Every structure is written in structure tokens, then in C-alpha cells.
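Enquirer: So that we are looking at the same thing, I have put the structure below in C-alpha cells.
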Ligand code: DCP
Ligand code: MG
């Protein structure tokens, strides 16, 4: 189900909350396509609880944090599978990278959800609702997974919106609709309202967010204390002063790809390096960063792996620059002729792009290259990441399919 409300891209609804649908279950099902459409529960661990359940299982009342024994009683036909945490982390990293391609203002909240402030991304990528559609399309195309996106003027309303349109939904709450959207919802939908607070509100006869908004602050204070009363009262009136605080600890950007068949041909590997260099450069530019150190990773058919890195004279965020270095590292590594299963490009030792200026790229036509990169960024975001690629990336013939490997150690 996809629901959309409100006008297209209202000014002021600039916060997105992105949350993957049935995340652990959906990722596990990628490796078990025969189970699609069936009730599946990811569970286990010392406490024996449900970690994630497909929507087919949820139809029976199964939900996360429920004891597995109870879930089995509610839905005896459900298949219970153990979690595959490495795969979830890997997918999570790539999804977060998709989000950071849009804006550096990304605040991950957990393994499968994040807030974005897209107010500065409008000029490049369109209205917030267009950006939300683009993110959903890219996550589906790249990972085969659905997510739900809430678009609103504040973080907590965006989060409620994404929850309300799950699964596979998009819900826009324009600023003028915030109160009408919030007030009919139960008090438990508010951030910070757990069981105890819900019970305290209930004793006051407050069942909906609208009830809290109408309740005198003094009454709330008596029941909940000063801080909680202030907090809930502000939220119930749609006020939330928090800003999306990006995780700025990121020290490197990388892109890697497991080839659909093992490849020994140098030309084909060079094309892969070119494509990955473009991805890395795009991610750098989206974050306003430049790299001083370019690295490559090559994993052979027998899973042995080599990495090489080189520090540049000047930082760069130009695709061609990163590619040239990656290609040189590849040629110098003396690994020609060996069958390769995975190729990666990494940019480390990051610095602010603004401090370097793009004119410093050591290219014959640095300005032209970086302009080309920028135009490609914009087109790629409008039409999908594969829309614009160097001509040398176009495959000469489609590779034969390889049986999907569910796990990539
Ligand atoms: N998770 C966990 N333990 C919990 C709850 C969740 O390990 N008590 C993990 C499994 C989930 C993932 O975190 O797949 C994301 O949590 P969500 O609450 O977003 O749940 P889902 O993504 O599974 O479902 P949905 O977001 O569609 O409601
Ligand atoms: Mg989720």
C-alpha cells in the first residue's frame, strides 16, 4: 500500500524519516525467495524473543519483542529463522550511503532507520516528496527491499508519519496539517510515552494527542512532573525544536561490488573500478568532503584479499582522479590474470572539500571534470544512479547470471 497525503512538496516539510519494512525478515528473505509471501519470524537469542516478523506473520498478531513461544502459538505456521546480523549490518551501511548521497544531514537512529533534513537538497534533487520517492526507488532497485518514508516539518511528526504508512508507504504531512494529523492519534504514538506515562495520562482521561494539547499544562505537571509535562505539551502542539544532527564521525567512504561471475580480464576490472570510483566521488561530494588517500580492495575467487592505498598530493573529490589512482594501484599490485570476485574502492583521510577547492585536482582539465561530476550527480539523482555513466562503463555483453550467494563472508 502506498498512501500519500497533502500537496506536492509543501514548503517547510523538510524532514524525512526513513524506516525499512520488517528489516531483518526482509533481508533474510532475499536469500530465501521461496519463502516470500509467507509468515516468517526472525528470532532467537538468549531471551527467545521475536526480533522481526514479516507482515504476513504480523497479521496473526505477532510483533517484535514478543516471546517466541507466544508468537508460535499465535501463528503456528510461521517459520522461525535465526538472525544473520552481518548481512543486516552490510545492507544497513549501503542504505545509509544512499541517504547520504542526498544530503550530509543524515542522523541514523538505529540499524534500519534515519532522519534526513533535505532543506538544503531541494535545488539539486527536487521537493522533499520527490526526494522521498527517489530514496524509496533506489533502495528497492539496489537492495530489493521496501522502506517507508514520513515527510513532515519536524522529526517526531516525520517518525509518526512513516509508522502510519507502513509497509511500503510514503506519507507527507504539510505544516498546515500537522495538528489535524496528530490530534486523533493515541497518546502512545508520542515520543517518550511508554506504558507508565500512558497509564498516567489515561488516569487523567487523556486518550489522544489532542486530549493532551487541550489539557492545562498545570494538570499535566501535577501528574507527570515538570520536564515530561513540558515535553509532551510541546509535542502535542506540534512543536519540536530538535534539529537533525548528522553523525560526523565518518572517516572514510567506500564502495565495493561482488561480481556476478569471477572475472580475470583487466579491462573489465578497470571498468568496475571506474564505476566504483564514480560512486565514491559522488558520496564525497554529497558530504562536502574530499579524500587524501585512495585505496582499492581486490578479493580473489579463493577469497584471499589484497588492499593497496596511496596518499595524493592534493585532496580530491573528482571521479577521474580517484579512478586514475585506483587503476594505478591495481596495475602495480601485480595481480593480472587472477580471477577476481569482489572489487572495492575506498577514500580515506577525508577533509572538507571547501578547504581545497576543486581547482587543485591534478587533472589536465580539472574544472571541466568536476563540472561534469556535478552535472552527473544531479542527473543521477533525478533519473536513478545508473542513468548517467561514462561510455566505457556500458557493458559489451551481459554477464551470465551467477546463483545468488546469500552470504558474503
Ligand atoms: N530489532 C531487534 N530487537 C527488537 C526490535 C527490533 O533486534 N526488540 C531489530 C529487528 C528489526 C530491526 O531491528 O528488523 C528494525 O526494527 P523496527 O522496529 O524498524 O522493525 P522492523 O523493521 O522489523 O519492522 P517495521 O519497521 O516494518 O515495523
Ligand atoms: Mg523497520
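The backbone N, Cα and C atoms fix where each Cβ goes, glycine too.
Note that the structure is a prediction, hence the values are computed from the model and not measured.
Pasting the feature list from TrEMBL:
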type     : residues : note
ACT_SITE : 113      : active site
BINDING  : 19, 112  : Mg(2+) binding site
DOMAIN   : 15-194   : domain 'UmuC'
SITE     : 24       : site 'Substrate discrimination'
Enquirer: Who sits close to residue 112 (Mg(2+) binding site): which same-chain residues at least 6 apart have their Cβ under 8 Å from its Cβ?
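Expert: In sequence order, the residues whose Cβ lies under 8 Å from that of residue 112 (Mg(2+) binding site) (at least 6 apart) are 19, 20, 23, 88, 92, 95.
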Enquirer: Whole-number Å distance between the CA of the residue listed as 'active site' and the CA of residue 24 (site 'Substrate discrimination')?
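Expert: Distance (Cα to Cα, whole Å): 12 Å.
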Enquirer: What is the total of other Cβ atoms whose distance to the Cβ of residue 19 (Mg(2+) binding site) is within 10 Å?
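Expert: Its Cβ has 20 other Cβ atoms within 10 Å.
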Enquirer: For residue 24 (site 'Substrate discrimination'), which residues in the same chain are close in space, meaning a Cβ under 8 Å from its Cβ, but six or more apart along the sequence?
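Expert: Within the chain, residue 24 (site 'Substrate discrimination') has Cβ neighbours under 8 Å at 42, 51, 52, 83, 84, 88.
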